[in-house]
Amino acid sequence: MTTSTIKPTGGDEVPPAGVVGNVADVGVAASLTKRDSEEDTWASKGYNYINPFVHRIEIDSHIEVAKIYVLTVLLLPIRVVGCVLSLISAWMFACIGLYGMTLDDLKAKPLTGWRKQMQYMTACGMRMVYTFGSFHYVTMKGRAATAKEAPILVVAPHSSYVDSILVVASGPPSIVAKRETADIPLLGKIINYAQPIYVQREDPNSRQNTIRDIVDRARSTDDWPQVVIFAEGTCTNRTALIKFKPGAFYPGVPVQPVLLKYPNKYDTFTWTWDGPGVLRLLWLTMTQFYNRCEIEYLPVYTPSEDEVADANLYANNVREVMAKALGVPTSDYSFEDVIVMSRARDMKIPFPGDIVEIERTIEKLGLNESQRDAELCKGFLRLSNTDRLDIITFGELLQVDLKNTDLHKLFALLDHRRSGTVSLKSFLLCSLFCKLKNSDLLTFLRALIHLYSESSQQIDRESFVRLMRHAGGKLNEQKAQALFYALDTDNLGYVSFDSFVELTEKQKSSYKFLYHKSEHIRRPKAVVTTAEN
């Protein structure tokens, strides 16, 4: 069951006072947060549909809030000291176990004898880190397969830095990590001791080498540890399983699905794209008396011939099994969608957390293949009441039948205030971004000119500064004003976009970000054309 449709998950009402929307403001309602992209732009927690990249901590008890502050003073310092000492202990055990060994030695054969025992001691030290960090209870369900039965552990959902507790509690198994990880102070030695499979990002053959290493370990007669892979590739809020990256499934070997659950009263450790930062999460997690983690091993999944030949099919089928066991839907969202949302946020696009759903709805309406947004953009400043459009006017402007359900969905996605109205500017910014997200910033800025100025040849200072806010966060107000004055050498009070382009071309080393194309983002189906005047 795949979901990408509007689905209420918390009602349309703003939560009552006392609900924590931002971890820094305990006891303060913060369902809606003002962004600085436009006056009429808001970002909400995405309760129109299941958005796996949004998380809010809801603590509605004044007693609980008081407890957090009391334990911050009485318990948190002790826990921090305990975590640090445990980490140092684990590092010391790892250093002893690695004495006289190189990375090549670790890659050549599995650890045996006393080095294997020291590896267990290192894992115990890391387990104490989590114990001091409030995770006193880790429940194991199901039977953990051996490395010969399932060389790969596919873990989901991936929602937090705490998920690494699985590595500590399960052996430890190996992980797939960037080569640079080995150089991290303290943790680098500990990770090395788990005999990870390192990925060389600068090597174009890195993926094939990683697959070969996994297959070699699986077929070896030596006692290699299993390899843990978080198949989602990014953190989610556990409301749905997003698309699995196929890396764990390319080798075509049996895998064991592993579920991570956190049956606690408050979710203070989910770390998503739109949510509390890691330090705030650590603070709230370590000021609980204790937290629970549940690790469930599902039966080994042996791929069919079709699945061995098609890693994506294999990944999707394993995901369905895990979603059914968790009782959650699967989602069309993927790691690449996080890249799109991050780019939208950097470019001050309204509702960046919803931009993927907005794009899908625009495509269903066929607006991605039309030039209606460019036409509306060109005449935008001559329109009235564009910040308060009802559904009828909105449909007429888009030239879409009012009976079209996707029009109503798009309207709901843009109506974060639940006022029954939407902003035309917000829609145009979203629509143009969806079409031009693979283009360079200069092309995108050119498409937005008429949202701020009647003519591309006479852009006043205020309009120029507002336009530059969409330059990926590289040109703040102070820099944009300085750039305007550098262009307006004759003190006319306005500049042309062409003069701006000319200056950036002459100083391309300073403005190379304007010419960079994000080829890794999904390509749009159509390209928008814009008029200059």
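Glycine is no exception: its Cβ is also placed from the backbone N, Cα and C atoms.
The annotation domain 'EF-hand 1' is assigned in Swiss-Prot to 402-437 on the grounds of sequence analysis. As a whole-number mean, the pLDDT of the domain 'EF-hand 1' (402-437) in this prediction is 92.
Taken from Swiss-Prot, the feature domain 'EF-hand 2' covers 439-474. Under DSSP, the residues of the domain 'EF-hand 2' (439-474) split into helix, strand and coil as follows: 20 helix, 2 strand, 14 coil.
Mapped onto DSSP helix, strand and coil, the domain 'EF-hand 3' (475-510) counts 21 helix, 2 strand, 13 coil. The annotation domain 'EF-hand 3' is assigned in Swiss-Prot to 475-510.
Distant neighbours of the motif 'HXXXXD motif' (158-163): 130, 135, 230-238, 260, 262, 269-272, 278, 281, 285, 293; these residues of the same chain sit at least 6 beyond its ends, with a Cβ under 8 Å from one of its Cβ atoms. As annotated by Swiss-Prot, motif 'HXXXXD motif' applies to 158-163, with the evidence given as similarity to another entry.
Annotation source Swiss-Prot lists topological domain 'Cytoplasmic' at 1-79.
Residues or ranges marked as topological domain 'Lumenal' in Swiss-Prot: 101-533.
With a threshold of 8 Å between CB atoms, the same-chain residues lying at least 6 positions outside the transmembrane segment (80-100) that come near it are 106, 111, 115, 118-119, 121-126, 128-129, 131-133, 186-187, 189-190, 192-193, 286. Under the heading transmembrane segment, Swiss-Prot lists 80-100, citing sequence analysis as support.
Under DSSP, the residues of the motif 'HXXXXD motif' (158-163) split into helix, strand and coil as follows: 3 helix, 0 strand, 3 coil. Residue counts of the domain 'EF-hand 1' (402-437) by helix, strand and coil are 23 helix, 1 strand, 12 coil (DSSP-based).
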